[in-house]
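Each remark here refers to the structure printed beneath this line.
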Amino acid sequence: LVFFSSLSEDKVWTTVYHDLQMQTSVGGNSLEKLSVLQLNYSATMDQISAITSSAEYCEQFISYSCKMSRLLNTPEGNPYTWWVGKANEKHYYWGGSGPGIQKCACGIERNCTDPKYYCNCDADYKQWRKDTGMLSYKEHLPVSQVVVGDIDRPGSEAKISVGPVRCQGDRNYWNAASFVTSSSYLHFSTFQGETSADISFYFKTSASDGVFLENLGNTDFIKLELKSATEVSFSFDVGNGPVEIIVRSPNQLNDDQWHRVNAERNVKQASLQVDQLPLEVRKAPTEGHTRLELYSQLYVGAAGGQRGFLGCIRSLRMNGVTLDLEERAKVTPGVKPGCSGHCTSYGMYCANGGKCVEKYNGYSCDCSKTAYDGPFCIKDVGAFFEEGMWLRYNFRSPGTSIKDLVSRTLLSSTDPEITAPDLNLNKEELSFSFSTTKSPCVLLYISSYTQDFMAVLVKPSGNLQIRYSLGGTKEPYNIDVDHRNMANGQPHTINITRNGRDIVLQLDHYPPTSYSLPTVSDIQFNSPKALFLGKVIEIGKIDQDIYKYNTPGFTGCLSRVQFNQIAPLKAALRPTNASSHVHIQGELVESNCGASPLTIPPMSAATDPWHLDSASADFPYNGQAIGDGVNRNSAIIGGVIAVVIFTILCTLVFLIRYMFRHKGTYHTNEAKGAESAESADAAIMNNDPNFTETIDESKKEWLI
């Protein structure tokens, strides 16, 4: 049955059970090649779909215990076992993995019993093994069938366990709209609340009054409004005359904090509650009209020339249906989708392009479209590349049409100008960091279905080169950074932005440098095909220099690689929908060794030793003589500094000697003749004439 369970972290879970028993056995010398296990749930598929669609998160446990029964037949074969989810779609990933990734949890975490396989069961051992994990891609849930194969061999056995569907959270909880003027409103279809009305929402405002919502009939109406800074009113008329219920708050309601309103009306009574204040109830008359007859549209905000609500409304539910305020606000002047909540105050902590997402009691950072990870999108996702290893990210999946790619790809940036149907890029943004001690090598290469390409290379000298070939020129356009050795084992950051003909390059913390493609060069990157890291493995003609630099390949660290909205390294190391685009040759080991660049503060042109004022500029370290003018100025400045330092030192010496002379002259009450006395006591006795008399007197008194 469906039930709600409060957990320790104050989350409410909706759980839907099915009739398949845990550890259901299949196989055991079975003559059938396939065994189909059907799951029947306690709710209809439409009901479960409604639950998963409105939930923030859903999960379903699945387990495969095996003895000589392979599961997904990794790494290259066709799966023996699969499961069927929503809309009767087959899925070839297992618990702990994600869509498009034919792996089990141990394949993602690289801890399978046999490292040659991506599932424990694929090793085909005669001993019992297990692959388990959570299915959490809620668009595919629930599991309706499990089809098990590889059970027809002697000794083959398998056991299947599928847990209930569990969902928590409400995606509509933060469905909100901001009303920026007092005449702003949203309109929806007529509210159908003839015999009963249940309306709830949250609001926050700094205004002292305004209409929340209103729906009219000939004489009937229903309205909720903020009457004053401390009063909320619920009024209606079903034909017996207007009725108004008011809740008065002891505290200000226009404090720019969230407040909840819940209004109900049926044939017996009407009620209104604000926050946790006492419920105000009004009984319906025993005789008279009971049906609320409305005909106009439902207005949320200003209506009929009245002063509308100024502020934010979210999670507006009317008779159990959540109104999509955000979607309607996108096409309505004077109303903005969303609302400033926690993200207004703390959204800046979502770094590196992470998106702030409002939550029940706080916020979270969505890092899915960044090359970073962690709670605040600040953790670099990087890897160590051994010699000969490479990674390819295909912009287009096998079997994907160009039309489908345009609708789903992350290749283009958020700018609509570069989402053309033929995927010709007029601009791109590339950023990553790396460290290496070996040169030459290819750091990154982007191929195309034409002859266009882009490459970032380390030349034999250790210098960096960015190479563009967009057509229109005989040779690629090269940007050579000849004055810095990038193969020094230190982390370096590269940011490249191209907009049409203009290119901006920034290395580490040095100021950006601008370049421009030749006037005869095309400015469109035509039909990008794949992005390579570490080495280029591409069919067709490859630039001669890139071919030379390609052997033996890059050795070192690459981190936070991002091309427009694509993060290929992250897609390889984190299970995402984009992981199916990635192909890896070799063992990709996650590492942050290329993560943090040297923290060198920005330099001005005057102080940067690498800044070129002209083509003939000389560097002080390259063995050439410095100009006479520079020598003369340096000599004068050096002489002045030497005189000042000498004067300061002399002054300090005299001050110190003077201070110590006075500190060494001090007076004591040492007795005269102390130097000739046998002891200190003897010196005192010789020096003080009264000392003898004292002794004598003491002696006399002692004798008496």
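Glycine is no exception: its Cβ is also placed from the backbone N, Cα and C atoms.
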Consult TrEMBL and report which candidate among CYS339, CYS343 shares a disulfide bond with CYS312.
CYS339
By a Cβ-Cβ criterion of under 8 Å, what residues six or more beyond either terminus of the transmembrane segment (635-656) are in contact with it?
none
Among the disulfide-bonded residues CYS312, CYS339, point out the residue whose Cβ has the most other Cβ atoms within 10 Å, with all shown protein chains included in the count.
CYS339
Pop the mean pLDDT for the domain 'Laminin G' (175-339) in here, whole number is fine.
90
